[in-house]
């Protein structure tokens, strides 16, 4: 019986969601930053952890600079 990577409890077939090559409980598959519940294949991954595509993954790991949502977007020089 596979174990959920988030809570380490056994994942039964009826409650299983497969994502990132692992079996999760549906409520355990959440964005690491904001906690939003994610759907299988409808999210991004960084170092084996799930993130919602927008805004969390884009803000944390996307391109930085003017107009990209990074720290420099709102800096006037």
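Yeah, the Cβs are placed from backbone N, Cα and C, and that goes for glycine too.
Swiss-Prot lists 2-63 with the feature domain 'LIM zinc-binding', giving sequence analysis as the kind of evidence. Marked as N6-acetyllysine by Swiss-Prot on the basis of similarity to another entry: 9, 22. Sequence annotations record features per position, and here Swiss-Prot assigns omega-N-methylarginine to 68 based on similarity to another entry.
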Check your understanding: Distance between residue 9 (N6-acetyllysine) and residue 22 (N6-acetyllysine) at the Cα atoms, whole Å?
Key -> 13
Practice item. Count up the helix, strand and coil residues in the domain 'LIM zinc-binding' (2-63) according to DSSP, in that order. Key: 15 helix, 18 strand, 29 coil
Revision key, fill the gap. Around the Cβ of residue 22 (N6-acetyllysine), other Cβ atoms within 10 Å, all chains included, total 16
Practice item. Measure from the Cβ of residue 9 (N6-acetyllysine) and count the other Cβ atoms within 10 Å, all protein chains considered. Key: 11
